[in-house]
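Asker: To start, I am sharing the structure in question, which I have written as structure tokens.
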Amino acid sequence: MMKLQQNPINSELKVDKDGVSDNESKVDSGVPEVPVPADDTPEVLNKALSGLSSRWKNWWVRGILTLAMISFFFFIIYLGPMVLMMIVLCVQIKCFQEIITIGYSVYHSYHLPWFRTLSWYFLLCVNYFFYGETVTDYFFTLVQREEPLRILSKYHRFISFALYLTGFCMFVLSLVKKHYRLQFYMFGWTHVTLLIVVTQSHLIIHNLFEGMIWFIVPISCVICNDIMAYMFGFFFGRTPLIKLSPKKTWEGFIGGFFSTIVFGIMLSYVMAGYRYFVCPVEFNNDSNSFQVDCEPSELFQLQDYALPGILESVTGWTTVRLYPFQIHSIALSSFASIVGPFGGFFASGFKRAFKIKDFANTIPGHGGIMDRFDCQYLMATFVNVYIASFIRGPNPSKVIQQLLALRADQQLHIFNSLKAHLTEKGLLPALEEAAA
């Protein structure tokens, strides 16, 4: 008697707690579930908060760990911009690891060859390219002074392309019959992760070099919005905001918005008065070190602004004295509280697609590092675009650095062209008379 072979797919059919079968879930998502990480809340906190309900226990755990992270943030700010840059790199690597680990867990049963090795190799290549571009752009004098750095700078893009091409060829050679589609899925997974994490963390570094205030204020606004939206939602939340994140409420969203605007204006006022925060990071040839010292631009000098009639009638003031940067901080705060949360909603949708609560369990009560930085990367891109569009102008020091790298005949040609241009505009005679 011939036996019917049991269908392995039907044999694995189960029904989850939502009444949806595993098979239906897999058809919907196309991938198996990722194992849920265990709760690793410190035992000390578990014992101290054992008498509380799960809601209030989570509130205290999140609050205590948030204060610890804020304290650490202040500490690394004290250590200076170079340490901040290294911290950004470490955060980037950890976020990349969390996302890649999800991909590896999803497709682990297929034993894709070289997947993890190639993922980390591409991370190395992309970081080499971006950090090389940053060093060449911001520390041109240092690069030109050191022969090895000058050679690496000259051929930087060719070296970067050669490194990437090597990884590309390794991927093609790793292709295995019957797993082609999965391998290309993971190739795309890695590159999208690089785009989301590495590219935007590179923009954070660019913002930092423009002045620490462009790094601290946006990040602080996102943190403030996250905290205040949670607080307003916890105590007053009644109306759901979005299905992707059921715990988010309109009350939290609105309360976070107004709190972030006020916080951004106040923080900007405090920081704009210190050169340490407003000056760009530059390399000093005399001391052979990086320095943060300059004459603050008009953006960080107090100015009088006339108040609108409505505010004048309420306050009795005709003018108010502000830093121009405080006006820009309203735009930064608004983005952090209105558009920034969509980075979190995007991450929520991603996690729901793979049926996981958090990217990892690195921070008790908060999840993984990526769970804390999902909004920061979107904010970093906005700040970089904002600076390029509304703030940054021509940089004379960079122009001079590039001119000094030219040959003598090229420098002489530019000198004669500039002299003729200034003479034609009538500026050169005036300069000569002033010199005499």
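Quick reminder: no glycine exception, Cβ is built from N, Cα and C everywhere.
Automated prediction, rather than curation, is the source of TrEMBL annotations.
On a predicted model such as this, the values are computed, not experimentally measured, just so you know.
TrEMBL lists 1-10 with the feature compositional bias 'Polar residues'. The compositional bias 'Basic and acidic residues' annotation in TrEMBL covers 13-27. Summarising the annotation, TrEMBL assigns region 'Disordered' to 1-32. Residues annotated as transmembrane segment in TrEMBL: 59-78, 84-107, 114-131, 158-176, 183-205, 211-232, 253-277, 325-347.
Relative to the rest of the structure, where do these features sit?
Answerer: Cβ atoms under 8 Å from those of the transmembrane segment (114-131) belong to residues 89, 92-93, 96, 100, 103-104, 107, 156-157, 159-160, 163-164, 167, 170-171, 174, 183, 186, 190-191, 193-194, 198-199, 202, 205 of the same chain, restricted to positions at least 6 beyond its ends.
Counting only same-chain residues 6+ beyond the ends of the transmembrane segment (183-205), those with a CB under 8 A from a CB of the stretch are 85, 88-89, 91-92, 95-96, 99-100, 103, 107, 112, 115, 118-119, 122-123, 126-127, 130-131, 134, 171, 174-176, 215, 376-378, 380-381, 383-384.
Beyond its flanks by at least six residues, the transmembrane segment (253-277) meets 211-213, 216-217, 220-221, 224-226, 228-229, 231-233, 236, 241, 292-294, 296, 300, 322-323, 325-326, 328-330, 332-334, 336-338, 341 of its own chain at Cβ-Cβ distances under 8 Å.
Taking Cβ pairs closer than 8 Å, the transmembrane segment (325-347) reaches residues 213, 217-218, 221-222, 224-225, 229, 242, 244-245, 248, 253, 256-257, 260-261, 263-265, 267-269, 272, 278, 299-300, 359, 370-371, 374-379, 382-383, 386, 390-391 in its own chain, all 6 or more past its ends.
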